[in-house]
């Protein structure tokens, strides 16, 4: 079965693919701006703690469901059930996660399209193509549709090549490239005036605000959502892992890389914001005193900073938006794989055909959102990330904590780690997924609805 479905050829390949799924615009764009909006280093401390005490146990639940089932999300969840109502529940959770991943990709592709056009804009300026540069920098229906579809085609081209030759191969290339660009940009920004003040705001905590409920819930949500939980993605990736691998350590590596890149992204974005402020660019609202919105920071504040750098700003701007485009692509690969794997296995369809079919359907949804940006864009984001993801993540924890028999669960996790029953992980984790994770995720969900 695994030979037909495909399998990651190495530990490194899985770690890069799963980390690529987790590391997206939420890490490089969302995390730093959330940090700046929620007490700076106090938010960072809360995020680091919650990532390991909530997100990691939930990640392990999804990876274990996938590896045990060795199938798409619906089939993997169904294999844990023994009663008719449980099978219906499994279908609802698995198929719901697949739909959620597809709808997230539909708006994600739009934002990624903006990143692609912003990457090309400095290039056209450099070669003197002023008309093209102006077109790339201005919002227009034609530009948005063109680059959204282009991004979806890039994602489809990678996924259509399969697990080892597509997902794994390109994750191994894109993740090191992402890290290289990220560190190069940090090195440059740190030489600019205002960077030290930004570092202090990021790394020196104000512990008086660390127990603020809004800060804690925001950090909890960021830790949970950054790992692609609740979208069936990690169930799918778990199904491609050999049963000889130590799943506990693999999950820990993915969490560490995700947290590390979010932390490092903060070393770039927050100092860059203060560098921009030192150059006279507004980063806080003149009326409310609060940090400007995320889209304003990325598409107005930072480009204004790059413009103030002169000729070198073109290269820095190109590198920054190339970084954002790569981060978007590593996440979109996993989002497309969720519905593709289900279609291939459920309807016995060839991978190439299934990939282009699903890609076309997502492109249609994306174009519909682009044509109704003011009404649909925010609605789809809210329904997927604030409603569907926490609910589906909660359901996965319920499956592992309450439906999957403990003895069967132990046998599943002992594959690749025979002595796990003697470890602290096994003594704590089942209890965590049964009680702590559902309660914590429910708090995030309720807070999202109330706010």
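Note: Cβ is positioned from N, Cα and C throughout, glycine not excepted.
Looking up the ranges 411-430, 431-450 in TrEMBL, the one annotated as transmembrane segment turns out to be 431-450. Your range for transmembrane segment, going by TrEMBL and the list 61-87, 250-276, is 250-276. Looking at 41-59, 117-135, the stretch flagged in TrEMBL as transmembrane segment turns out to be 41-59. Two recorded stretches are said to be in contact when at least 3 C-beta pairs lie under 8 angstroms, sequence spacing 6 or more; the transmembrane segment (145-163) and the transmembrane segment (312-336) meet this definition.
Ranked by the number of CB pairs under 8 Å to the transmembrane segment (41-59), the listed stretches 12-29, 175-195, 215-238, 250-276, 312-336 are led by 215-238. Under the criterion of 3 or more C-beta pairs below 8 Å, with sequence separation of 6 or more, the transmembrane segment (89-116) and the transmembrane segment (356-381) qualify as touching. Sequence-distant residue pairs (6 or more apart) of the transmembrane segment (215-238) and the transmembrane segment (175-195) include fewer than 3 whose Cβ atoms are under 8 Å, leaving the two stretches without contact.
Beyond its flanks by at least six residues, the transmembrane segment (356-381) meets 102-103, 105-107, 109-110, 141, 144-145, 148-149, 152-153, 155-156, 159-160, 336, 339-340, 343, 349 of its own chain at Cβ-Cβ distances under 8 Å.
Outside the transmembrane segment (387-405), and at least 6 residues removed from its termini, the chain residues within Cβ reach (under 8 Å) are 58, 61-62, 64-65, 77, 80-81, 86, 89-90, 93, 96-97, 99-100, 103, 221, 224-225, 229-232, 235, 430, 433-435, 437-438, 441-442, 444-445, 448-449. Residues 16, 19-20, 23, 28, 261, 264-265, 267-268, 271-272, 274-279, 316, 319-320, 322-323, 326-327, 330 of the same chain, all 6+ positions outside the transmembrane segment (175-195), place their C-beta atoms under 8 angstroms from a C-beta of that stretch.
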